[in-house]
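Heads up: the structure comes next, in structure tokens.
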Amino acid sequence: TEHVVLGGEEWNPWEAEERGEQAASQQRYEANLQMIKNVRSHLEHTSLRVQIWGKAAVGLYLWQHIFEGLLEPADVTAQWREGSQKAGKTHFSFITGPSVVPGYFSVEADNVVLVLNGREKAKIAYATQWLHYAQTLIQTRKIQHVAVVLLGNEQCNNEWIQPYLKRHGGFVNLLFVTYDYTLVNEEDIFQWPLGVATYRNFPVVEPSWSMLHDPRSYLCNFLGTVYKNSSRETLLEILKQDGLDKLCWIAAREQWQPQETNESFKNYQDALLQSDLTLCPVGINTECYRIYEACSYGSLPVVEDVMTPGDCGNSSMYHSAPLQLLKTMGAPFIFIKNWKELPAVLEKEKIKSLQEKIQRRRKLIEWYRNFKAWMRQKFINTLENSFLPSDKG
């Protein structure tokens, strides 16, 4: 069939119809776009209000290091400190300090995150009082949801918290717990990073040009307590045998000192800043503050990769695989099974160029920044998915 050509263009008898369909299609598209915008703005206004009660030092890691939140007043000895920020669809407020006592502060949100210490019996007794207070608020409909961030026991014996969890008939919706706890299931129980020792006022460290680029005076460092018959004793023997202790900043003590002096703390920070590697031998648990503190200063952690005894690794998922959270997140550390491997690691270190070390520091600091950002996002998403009313059905 021949096409009728009018004025040099092909004639299309359905043109008017197609134009009408196009216009209708455009209208549908714009209507859909408007609907999406309305849903978005509705979601943005459906914001969650969450109040975090920081009753353990790990709360400061959550707020200041992971959320990069500020606290007023800045004085760490203040009786009451608070901060707030909006993240995702959620408005967070944070309170901490000795004056934060059950019944003596205003509960300003329907949703509460309770940060507790479950390290030993006395701490657990105190944590339980807070849980009972939260339970009363749930029962009297003052609040709707509760999540707990728990500084877990170093042997992962956290049975005491289980009856409080929703899955066991309790009222706690979500649990974020430190260490490789076998009950972590990524549904209502999540592993949480130990972080830095905020109880010793370890700061939020901003990487400087010199931290990244300057040569460092020591190959490695270890400042810490040496427990009898521990791998830490083995570590010191190996360093001394090969004279490697001369190349590293080593300051060992026999007794653990919870009370840090300004001088000893400054020494510790200087050691991290002046060493290319930070040796992280197992203490009571494989995961220790030192790992995160070394990352803050771009000193690569050399981690003893062994399972902590107790309930930390008895499930098939965690069996003989410590530091699950850090490994899942691709931590660029050196993992060793035995300190006898250390001399070979240090030999390699001796011949590394400054340029290679700068690259490695960059990678470590960047990884640590991303790790904290990821933990923040995961925390927010988990709370929102659990606490916000779902639109299903």
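Cβ atoms are placed via backbone N, Cα and C, with glycine included.
Any TrEMBL annotation is an automated prediction that lacks curation.
Values in this document were obtained by computation on a predicted structure and should not be read as measured data.
Feature annotations, courtesy of TrEMBL:
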DOMAIN    50-193  domain 'RXYLT1 N-terminal'
DOMAIN    199-388  domain 'RXYLT1 C-terminal'
Mean of the pLDDT scores, which run from 0 to 100, over the domain 'RXYLT1 C-terminal' (199-388): 90
Secondary structure tally of the domain 'RXYLT1 N-terminal' (50-193) (DSSP, helix then strand then coil): 37 helix, 45 strand, 62 coil
